[in-house]
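Everything on this sheet refers to the single structure shown next.
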């Protein structure tokens, strides 16, 4: 059975946000303190950063390809709410916003400043806000056009659950790290003062972080479970779309 442009659009968007997008965001938020055995770097960068970059690069590519599919199908015309209804019109507005976010993210990452730059916080917050906006909009955007609400609801509920669990783990890690830092006696206070304004290169993975092996294993397990659930639900949705 031949796949139509509308179906190809849906497949690309489902994979981009449910599988690649969510996993890339998960790794950026909760993967910085993860340890993958003895490996700290992969191809000169931190392992978490390479995973984050790979998944979100594929996600952005799929968003642009999916947009191209629907643009060709529509002949370059915008959705007419009088002909196709308000649901598809709202879907097109939110989908267009997601496409704009993907293009902004590509531009931001290509021209981001050095991790040690004093202007780095501008990129960090811009990158974070634009990415979260696209991901949050993806949920109602999918809801508006797919009638299989149960699968999308399960995925949305899982996102909430995994975020709550990981935030709890991150809170405990920060408390533990702060407690250990307060107990460490500084031998060279002058050196400490001199290095106060130096930002750690989190992309390279060379900075030291406090890692609890138990919490590390839980987050690795949650990462694998999330990847499995996202792939499974994405495949189910794609099968439904292609019917």
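One is the number of the first residue shown, and numbering goes on along the chain from there.
Positions of Cβ are set from backbone N, Cα and C atoms, glycine also.
All annotation found in TrEMBL is predicted automatically rather than curated by experts.
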- With the ranges 6-30, 181-205 to choose from, which does TrEMBL describe as transmembrane segment? 6-30
- Note on the structure: Ranking 51-76, 88-110, 122-139, 145-166 by Cβ pairs under 8 Å to the transmembrane segment (220-241) puts first 145-166
- Item | Interface present between the transmembrane segment (6-30) and the transmembrane segment (145-166) (three or more C-beta pairs under 8 A) | yes
